[in-house]
Amino acid sequence: MAARKNAGVLALFDVDGTLTAPRKVVTPEMLQFMKQLREHVTVGVVGGSDLVKISEQLGKSVTTDYDYCFSENGLVAHKNGELIGTQSLKSFLGDDQLKEFINFTLHYIADLDIPIKRGTFIEFRSGMLNVSPIGRNCSQEERDEFEKYDKVHNIRPKMVSVLREKFAHLNLTFSIGGQISFDVFPQGWDKTYCLRYLEEFQEIHFFGDKTYKGGNDYEIFESDRTIGHTVTSPDDTAEQCRSLFMSK
């Protein structure tokens with residue numbers, strides 16, 4: 001790749017709602033735009049999902065399409081296609097504490113009265129648990145319906161409140177993201193975790209859609225190490241990037 005205009009500047013992107021519509025595949029136009037953006041600045045992506053799910057959205061070559069690819073908030077880190085770091089929830093918490101948390105959560109979901117339930121209520125990832133009251137096996141239509149229902153009935157915020165109080169001794173962070181679930185991970189394992197790999201950059205611009213308190217982009221958006229930008233859609237992301245990096 002030819003020398004970039006601003007190699008010391010990093011543009012770092014959330015995935016869901018920022019580069020793609022929620023849980024949808026990236027458009028060819030957006031992929032082409034990101035390719036053009038790499039001619040101007042260094043580019044990275046950071047998502048809460050594991051690498052398999054991020055690859056489903058951004059393509060199988062995601063670790064080489066961007067200079068940095070951080071899955072599970074950076075707990076699994078790639079630079080130029082090479083794995084540069086991993087961290088494990090199991091080794092950090094231990095099986096006994098994990099089991100206690102999972103058992104309580106499944107009991108809570110079992111007693112939850114919501115219109116529908118499907119399957120995969122807890123997804124165990126290397127660096128976090130993803131908890132979904134409706135279950136991740138639901139269809140896109142069911143996802144959309146649950147998101148509307150949750151906005152009225154606060155199913156996820158209420159559940160997070162109960163779990164936060166019950167497991168205060170574990171020092172966990174609860175982060176509501178996407179349409180149907182929330183992530184659970186040790187304090188400090190939010191998206192700011194990936195910043196440890198980015199010390200060389202003088203300027204880091206972060207783009208995300210859930211930048212409000214409690215959203216899974218909040219901590220990195222507010223970090224002293226980043227310049228935060230709230231976006232509303234992939235089109236808005238592209239528009240802001242054009243204005244910031246490509247208009248000079």
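Cβ atoms here come from the backbone N, Cα and C positions, even for glycine.
For the Mg(2+) 1 site that Swiss-Prot gives as Asp14, Asp16, the extra residue drawn from Asp183, Asp190, Asp209, Asp224 is Asp209.
Looking only at Cα atoms, Phe221 (Mg(2+) 2 binding site) sits nearest to Asp14 among the recorded positions Asp14, Asp16, Arg136. Taking CA atoms as the reference points, Ser181 (alpha-D-mannose 1-phosphate binding site) and Thr226 (Mg(2+) 2 binding site) are 26 Å apart.
Annotation for Arg125 (alpha-D-mannose 1-phosphate binding site): spatial neighbours Ser49, Asp50, Glu72, Leu89, criterion Cβ-Cβ under 8 Å with sequence separation of six or more.
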